[in-house]
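Chemist: This is the structure I have questions about; it appears just below.
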Amino acid sequence: MTTFSPREIVSELDRYIIGQHEAKRAVAIALRNRWRRQQLDPSLRDEVMPKNILMIGPTGVGKTEISRRLAKLAGAPFIKVEATKFTEVGYVGRDVEQIIRDLVEVGIGLVREKKRAEVQAKAHVSAEERVLDALVGTTASPATRENFRKKLRDGELDDKEIDIEVADTGSGMGGFEIPGMPGANIGVLNLSEMFGKAMGGRTKKVRTTVKASYTDLIRDESDKLIDNEVIQREAVRSTENDGIVFLDEIDKIAARDGGMGAGVSREGVQRDLLPLVEGTTVSTKYGPVKTDHILFIASGAFHVSKPSDLLPELQGRLPIRVELRPLNKEDFRRILTETEASLIRQYRALMETESLSLDFTEDAIDALADVAVHLNSSVENIGARRLQTVMERVLDDISYNAPDRSGTAITIDAAYVREHVGDLAQNTDLSRFIL
């Protein structure tokens, strides 16, 4: 789990997301509170409940991006799901308890990687022995093995092809849910897993180079050294205490007019979410998981519905409200130039693969921001995503002809931008006026 201070978390988010300081502060405090709770006396620790967050803001202002970056920072089981993917219990589709089962799977993966790192040195030694077995056979004399070991460590045999046997994790046969049995999705039944256990762990033969074989062999040997029961126990504990669920598109399941039909199912999803957010026990194939201390961050654009359209009980379980403001011209400028992987940096790097140098003047960046703001105000406000439309239109000709212009330098100024997006800016969606 991360030990970053709220200020450090916000500064990390600032590298990728422009503005929205209030939302960043809220998630930074919530993340830090996870760590603070772990430092408390056990008797008080159980009483401290997470303060769930509701982020409200138009599309394209950074709600989902905050969740993506937070997942990398959290160092804890984290899952992002769309509320629209779930249906009420009794309907065909996934029920909301699947969120927690998926979160436990994320926790299992995190703990397994941590345990593998702890035994990597031992696993590397065993992997080297297996590579030597593949190179010289198990009956070779000690002198021959040592001779090949030296060559192996010097990298002389890196490109030599060998046949190795590794555990077959078996992605061939997928999983399936038993229809008509709500309790049966205690985890999707995985056929490969069942057959693997029945046959005492299957292996498969792989032909690969010596250098590439180490990845599979080290993973294989690491898994032999770690105890799966310990991993499962730790993963469940980590999920219960540090787990974070990011619920996107929650506005899409808000009842708008109280109408029947599909609306019943939408409200049903909200009702199913209530116990999950409040705290319940979910059955998973790794055992029961309590959701009392899992942090829920919900977000939605609320273009058509309002936060007050959510069930009052669900509103009460999302006590912290954060509003993300729409983006202005200055924000667009900063998105184009200041973020870690800004669009301009991305396009420059893409063109450099064709030996083409791309340069944007300051007035070109101003013009790009202007066009994006104008289109958002006149057509539909889709936030920062509008910049991708504008950039693609501006660079369409350059991208198409790049292989023929290899070795040249191109400077893009405001005149070039206006020339290539002029029709885009004036041609607001006329189709809406055509009968």
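Residue positions begin at 1 at the first shown residue.
Heads up, the Cβ atoms here are built off N, Cα and C, so glycines get one too.
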Chemist: Since Swiss-Prot lists GLY60, VAL61, GLY62, LYS63, THR64, GLU65, ASP248, GLU313, ARG385 for ATP, which candidate among ILE18, ILE99, ILE100 does it give for that site as well?
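Modeler: ATP site check in Swiss-Prot: besides GLY60, VAL61, GLY62, LYS63, THR64, GLU65, ASP248, GLU313, ARG385, the record includes ILE18 out of ILE18, ILE99, ILE100.
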Chemist: Given the binding-site residues VAL61, LYS63, GLU65, which one's Cβ is surrounded by the fewest other Cβ atoms within 10 Å?
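Modeler: Sparsest of the binding-site residues VAL61, LYS63, GLU65 by Cβ contacts within 10 Å: GLU65.
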Chemist: Mind checking which of ILE18, GLU313 has the fewest other CB atoms within 10 A of its CB? They're the binding-site residues.
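Modeler: Sparsest of the binding-site residues ILE18, GLU313 by Cβ contacts within 10 Å: GLU313.
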